[in-house]
Amino acid sequence: MGGGDLNLKKSFHPALRRNQQAVWDEEQKALAERKRTQQRLDEIKEERAKEEVQRQLEAAGGKKKVDRVEWMYQGPNDGQTGTTEETEAYLLGKRRIDNLIKGTEHKKLEKDAGTESFMALQNANTARDTAAKIREDPLLAIKRQEQAAYEAMMNDPARRRQLLASRGIDEDKKDKSRRKEDRHRRRHRHRSADGEDRHHRRRRSYSRSQSPRRRDGSREDRHRRRRDDSRDRHSRRRRDGSDEEGRRDRDNRSGGDRHRHDGDRRHSDEPRDERRDNRRDERPRDNNRQYSRRSYPSDRRPRHNEEDDKAKEEERQRKLAAMQSAATELDVDRQERLADLEKREQAAREADNKARERGGDRGFVNKLHQQAEHKGLAERMGGARRGYQKDDD
């Protein structure tokens with residue numbers, strides 16, 4: 001049994017061929033590197049010798065040489081005429097640089113890349129194209145579908161109530177706060193209207209008291225006063241919105257008109273001194289009338305309570321109607337689901353009956369096969385033995 005030298009089986013043994021090949025390759029690389037280094041040293045020596053000769057010539061009175069990096073301006077990348085791709089193509093030997101040096105290809109590129117082509121591309125984005133792009137935008141279509149679904153859900157009172165409940169918002173409290181704000185706004189509006197009307201009446205009474213007292217019994221003054229009283233009565237009746245208050249106001253106004261007409265007649269018949277006395281007697285009556293007018297808006301407060309009760313009742317009726325509609329919708333959905341389930345069960349029963357009718361002819365044979373599959377070995381041997389006995393008989 002000769003196994004040879006066991007050292008040759010080691011991977012690091014120097015007698016192996018692959019190890020010798022690796023050593024030889026490394027030696028060749030070192031020699032090539034030494035040759036390149038020596039060549040570069042020789043080139044440096046030659047350049048130094050040339051520089052020394054040039055320096056000696058310049059010192060002897062020769063022409064001076066200007067040191068410039070001309071190698072940066074040489075090659076295919078001549079200013080704006082070249083690109084990185086062209087430089088790589090030139091280095092790989094796939095492209096000639098004659099045309100780049102001459103400049104003909106650069107001019108051709110300038111013609112092709114003019115402003116006309118750029119503007120032609122810009123003209124494609126017209127208003128119609130932009131509208132079509134916006135209309136066919138899938139994200140915009142998705143947003144529209146989401147908005148439509150949200151609006152449908154908010155229009156449904158039951159689902160809207162569920163959504164608000166999930167967010168922790170009480171719709172009843174929200175409605176109460178809204179009604180309170182509306183009530184406060186109405187009260188503020190009525191108070192401002194009453195203040196303006198009171199100020200207007202005060203200014204009119206003051207202007208009447210400051211005006212001269214001549215021609216009180218004339219027909220034009222009576223007509224003017226009657227027209228002013230009717231305008232005030234109409235505005236107050238429209239603001240109050242009550243037939244009872246309007247009727248009371250008309251009675252008061254008619255009584256005042258009768259007193260005024262009687263006083264006018266008395267003024268026209270009586271002497272001037274008696275007329276002055278009657279005017280003094282009538283002043284407290286006018287003051288009482290103005291006081292009654294000022295105290296009139298205080299009777300309107302119960303009417304606001306009635307309006308609030310009416311608004312609450314309407315809101316309650318609206319909520320009740322919404323609850324009833326939601327319950328009706330739930331009942332309709334439940335009935336539809338039950339009807340659909342019943343239809344499915346009926347279709348399944350019909351399919352089962354058809355399958356039974358189709359397999360009724362082969363039912364007996366299938367039953368025999370099933371019985372044969374479930375028989376044991378003893379039963380089969382016993383049946384075969386009985387068959388043999390019958391044959392012997």
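Quick reminder: no glycine exception, Cβ is built from N, Cα and C everywhere.
Swiss-Prot lists region 'Disordered' for one of the ranges 14-37, 38-61, namely 38-61.
Helix first, then strand, then coil: DSSP counts for the compositional bias 'Basic and acidic residues' (331-361) stand at 28 helix, 0 strand, 3 coil.
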